[in-house]
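K.L.:
According to Swiss-Prot, the protein carries these features:
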type     : residues                                                                        : note
BINDING  : GLY10, 12-13, THR15, ARG35, 38-39, 54-55, 75-76, MET87, CYS109, HIS132, 153-154 : NADP(+) binding site
MOD_RES  : SER42                                                                           : phosphoserine
MOD_RES  : SER82                                                                           : phosphoserine
ACT_SITE : CYS109                                                                          : active site, S-nitroso-cysteine intermediate
ACT_SITE : CYS188                                                                          : active site, S-nitroso-cysteine intermediate
Amino acid sequence: MTVKKIAIFGATGRTGLTTLAQAVQAGYEVTVLVRDSSRLPSEGPQPAHVVVGDVRQAADVDKTVAGQEAVIVLLGTGNDLSPTTVMSEGTRNIVTAMKAHGVDKVVACTSAFLLWDPTKVPPRLQDVTDDHIRMHKILQESGLKYVAVMPPHIGDQPLTGAYTVTLDGRGPSRVISKHDLGHFMLRCLTTNEYDGHTTYPSHQYD
């Protein structure tokens, strides 16, 4: 089945905005759940449907997932590094809604810290990483066709489409641009190659 209708959670974040733009340009009919619709771009590619709400509210998530064929999860906490359950709570609601609506494909972004030595996580990032771990466990136990995307440092370099994807956290570099990361999230919708895997996209930028 060719996926055409997708929901993006976290569409107003750094990677979310470029993923949203690339998805619309690629012809997807995109629904987004946002807390504040003013954070969506005022010009350029627009989502087909906007649900204003909170990923921690099951009813808001259910409304967003209804009628979709796949889901992209780019939840984050921005620059807030305090203890959080937003990403895991949101993911639990997304999984529940997907099962309720018969949607079985989800591509979700966490972090390469889940692939690397846990003792090497910088202390200031430990709380966010702990929630990424909870989020990943929910995906693993979901029974859905999930792709766990675990990027290294996310940069602002231009789109190349020439990144390397490995399954073990080792690659040509410890950076991926937000544009290439978005490109990879969308690529995962067109293949089953990475279903059930942890993936590490990276690229040696000039």
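Using the three backbone atoms N, Cα and C, a Cβ is placed for every residue, glycine included.
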K.L.:
Let me know how many other Cβ atoms fall within 10 Å of the Cβ of GLY13 (NADP(+) binding site).
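P.N.:
By my count, 20.
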K.L.:
Would you kindly give the Cα-Cα distance separating CYS188 (active site, S-nitroso-cysteine intermediate) and ARG39 (NADP(+) binding site), rounded to the nearest Å?
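P.N.:
The Cα atom of ARG39 (NADP(+) binding site) is 26 Å away from the Cα atom of CYS188 (active site, S-nitroso-cysteine intermediate).
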K.L.:
Can you tell which of the recorded positions SER42, SER82, CYS188 lies nearest to GLY13 (NADP(+) binding site) in space, using Cα positions?
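P.N.:
Checked the recorded positions SER42, SER82, CYS188; minimum Cα distance to GLY13 (NADP(+) binding site) goes to SER42.
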K.L.:
Select the closest residue to SER82 (phosphoserine) from the following recorded positions, measuring between CA atoms: GLY76, CYS109, CYS188.
P.N.:
GLY76
K.L.:
For the recorded positions VAL55, CYS109, CYS188, which one has the sparsest Cβ surroundings, going by other Cβ atoms within 10 Å?
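P.N.:
Sparsest of the recorded positions VAL55, CYS109, CYS188 by Cβ contacts within 10 Å: VAL55.
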K.L.:
Which of the three DSSP states, helix, strand or coil, fits GLY13 (NADP(+) binding site)?
P.N.:
coil
K.L.:
To the nearest whole angstrom, state the Cα distance for the pair CYS109 (NADP(+) binding site) and CYS188 (active site, S-nitroso-cysteine intermediate).
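P.N.:
Cα-Cα distance, CYS109 (NADP(+) binding site) to CYS188 (active site, S-nitroso-cysteine intermediate): 12 Å.
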